[in-house]
Structures are given as C-alpha cells and as structure tokens.
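**Student:** Here Swiss-Prot flags 33-53, 77-98, 113-133, 178-198, 226-246, 288-308, 320-340, 347-367 as transmembrane segment. What Swiss-Prot records for His83, His182 is heme b b562 binding site. Annotated heme b b566 binding site per Swiss-Prot: His97, His196, in sequence order. Taken from Swiss-Prot, the feature ubiquinone binding site applies to His201.
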Amino acid sequence: MTIMRKNHPLLKLINHSFIDLPTPSNISSWWNFGSLLGICLIIQILTGLFLAMHYTSDTTTAFSSVAHICRDVNYGWLIRYLHANGASMFFICLFIHVGRGIYYGSYMLLKTWNIGIXLFLTTMPTAFVGYVLPWGQMSFWGATVITNLLSAIPYIGNTLVEWIWGGFSVDKATLTRFFAFHFILPFIITALVLVHLLFLHETGSTNPSGLNSNSDKIPFHPYYTIKDLLGVLLLLMVLMILVLFFPDILGDPDNYTPANPLNTPAHIKPEWYFLFAYAILRSIPNKLGGVLALILSILILAAFPLLNSSKQHGLVYRPITQFLYWIFIANLLILTWIGGQPVEYPFTLIGQISSILYFAIIVILMPLASMIENNILKLHD
C-alpha cells in the first residue's frame, strides 16, 4: 500500500497533500480552520445539490418549492437548514482563518494569500445570490438594494444593473440567472481551493513562533489528521445544535413572507456575515463613495504584505500591534452590530467612527506600531 500511494499518479498527489506532507510540529488549533472550510464546502455542495433537485427558479413557485422541500421531501427540512446554517459556519471559519492569517503573518506567503482573497471575493457573491433564491421579502429587497449599488458606477452603471436584472426590475430573469450563478460558483471555489493548496504546499505552512520550521517537520498523517478530525467533530456538533435547536436564529423573519414588490420591509439588511461591509457602505453619504468603501473593505486585505514593515513574522512578540489587532477585531464586531441597526442617530455616528477606525488601523496605526517596535528592539537593516 505504501509503495502504491507513493507511486500511483493520482494517489501520489493525495499522498503529498494529506499524508506525507511535512508540517511544522508546533502549529496550533488556529490552523484547523482551513480543513474545516473544506468540510463546510463539501457540506454546502452536497446539501445544495439535493436542494436543487426540488427547487424551481421561477418567481411564482420559488417560495412554494422551498416550503415543499421543508414539508414534503424526506428530511428536506434538515437539508435546507444544514445548507442555510452551513453557510454561517462557513463564514465563521472563513473570518477566523483570515484573522489567523493576519495575526501570524501568513500574508507573507503572497501567492497563497492572494488566491485566498480571490476565494473570499468569490464566496461573497455565491452567498448573496443564494440568499435571493428562497424569494422571501428580504431575498427580493436585498437583491434589489445590493444590485442597485452598481448604478453608482459612472456612465455604464444603469445599463449594467438592467443587464444583471435581465429587465427593468428584479424579476423572473434575475432569479433564474442567480440560481445558475449559485450552482456554478461553488465549483469555481473548489478549483480555487486546489490552487490555494498548491501554492501553500510550495512554500509550506507558517507556524505560531514565526520562525523557519524546516528543521522541525512532522508528517501530516497521523498527527494532524487526528487533530483535524477533532475540529470537524466540534464543527459538526455546533452545526447540528444550530440546525436542530435554533435553525432560524441567524436568518431574518421577513424571509418567511413571500416576496412582494409593493411592500418594503422596515429594515433591509443582508445576512449577518455581510453586515460589517454593509455598515461601511452605509456610513458614507455618497453612493459611489459607499460602494468604493465596500469594495476596499475586502481588497484592503491585499495591502497587508505591502504595509508590513516589521522585522518579525507575525504578532506573537509584538505587544503594540497585538493591542491594535484586538481593537480591530472588536471594531469589526461593532460594525457587524451597526449593520443590523436602523439608519438613525446614534448608530450612523458609531458606524462612521468604526468605518474610519477599520481603515486607519490597517493603513496607518499598524505600520506605525511596527516601526516603533523595530526601534524599541533595535531591529534595523
């Protein structure tokens, strides 16, 4: 068997990625989230496939087909809630994975980091178009508001919006194409994941100490397969608690009302995992400015390698930057809270302060802290 897994063209690939892969001996549980994301992706593709077998992408029957899945299909309710809450688990793992990358300086593996940003940027529209499919009130109005943002693009904006809608409003054509996008994008994500892994295994993983670990590597199997298995079991436990006890806790009650173009919900908001970006968008009074800030809030991740002036790898031995990092995380949670609040005082003011702080920490304060730490520790070229 050993000879076969090392010589067979296909098994050799799996062997080099998951069995004999040299891995730093000291990576902590924060490194588990990559494999958890892989499990989440598999769960989403499988549950999504079974949902697609019973779903109809037509404005007159979409809402009813989702109700039919929950009421009449064998374990349809389970598949539907696994898919809906699986998306939330996906984004929780994604945020932790990116947060770990920032904390431990993984952004210095440029190719892996940039593919990761592309993965994040592909996952966001996938989740957005998926949220539109049940064709509830929040699905319809969320689609209307978010797609309308493209009209802020000078000259081609309005044409672009109508082109995406397939008409003069969000209607049957929009729903059909969103279903098509939602079906194809996870497979594009899977392809990007393979590229992400390919680049990661070119350089090897980082580790908590931030030092070169080439002299101290252990095989991935059995050490990290067992460790990842524990993570997977914990993830599945949390997911099943969500699905079986609190299936609607992360959703919006408005989405249990069929879409009605004549009745606008009191507060239009996206799913919870987009609220931080939505808060940044709303905090700028100008439409185009808001859209640019929204895009930059994600693309700013690409600036981390450029803005890094520290002579140390990661934040483990950098208390000033560590302090700023945790302020950044707290600020992100505040933005998430603000995104779900109505547009009124004091929420607008808190949102504006948090949005400024979000960019200021990354662009100004963290590089400044790095320079101060370099000086204190006399780390010069």
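Residue positions begin at 1 at the first shown residue.
Cβ coordinates come from backbone N, Cα and C, glycine included.
In the displayed structure, how are the listed features positioned relative to their neighbours?
**Tutor:** Long-range neighbours of the transmembrane segment (33-53) within the same chain, counting only residues 6 or more positions beyond its ends whose Cβ lies under 8 Å from a Cβ of the stretch, are 69, 79-80, 82-83, 86-87, 89-90, 93-94, 96-97, 100, 182-183, 186-187, 189-190, 193, 228, 231-232, 235-236, 239.
Residues 30, 33-34, 36-37, 40-41, 43-44, 47-48, 50-51, 66, 69-71, 116, 120, 123, 127, 130, 235, 238-239, 242-243, 247, 250-251, 271-273, 301 of the same chain lie 6+ residues outside the transmembrane segment (77-98) yet bring a C-beta within less than 8 angstroms of a C-beta in it.
When Cβ atoms from all protein chains are considered, those within 10 Å of His182 (heme b b562 binding site) total 22, not counting its own.
Summarising the environment of His97 (heme b b566 binding site), the number of other Cβ atoms within 10 Å of its Cβ, over all protein chains shown, is 20.
Sequence-distant contacts of the transmembrane segment (113-133), counting only residues of its own chain at least 6 positions beyond either end whose CB sits under 8 Å from a CB of the stretch, comprise 55, 57, 62, 66, 87, 90-91, 94, 98, 101, 106-107, 139-140, 142-143, 146, 174-175, 178-179, 181-182, 185-186, 188-189, 192-193, 195-196, 199, 270-271, 273-274, 298-299, 301-302, 304-305.
Same-chain residues lying 6 or more positions outside the transmembrane segment (178-198) and placing a CB less than 8 Å from one of its CB atoms are 17, 37-38, 41, 44-45, 48, 52, 55, 57, 112, 115-116, 118-119, 122-123, 125-126, 129-130, 132-133, 143.
His201 (ubiquinone binding site) counts 14 other C-beta atoms within 10 Å of its own C-beta, drawing on all protein chains shown.
Within its own chain, the transmembrane segment (347-367) is flanked in space by residues 279-280, 282-284, 293, 296-297, 300, 303-304, 307-309, 321, 324-325, 327-328, 331-332, 334-335, 338-339, 341, which lie at least six positions past its ends and keep a Cβ under 8 Å from the stretch.
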**Student:** Going along the chain, which residues six or more apart from His83 (heme b b562 binding site) have their CB under 8 A from its CB?
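**Tutor:** In sequence order, Gln44, Thr47, Gly48, Leu51 meet the Cβ cut-off.
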**Student:** Please report the distance from the Cα of His201 (ubiquinone binding site) to the Cα of His182 (heme b b562 binding site), rounded to the nearest angstrom.
**Tutor:** 29
**Student:** With DSSP assignments reduced to helix, strand and coil, which class does His97 (heme b b566 binding site) get?
**Tutor:** helix
**Student:** Below 8 Å Cβ to Cβ and six or more residues apart, same chain only. Which residues does that give for His196 (heme b b566 binding site)?
**Tutor:** Thr112, Ile115, Gly116, Leu119
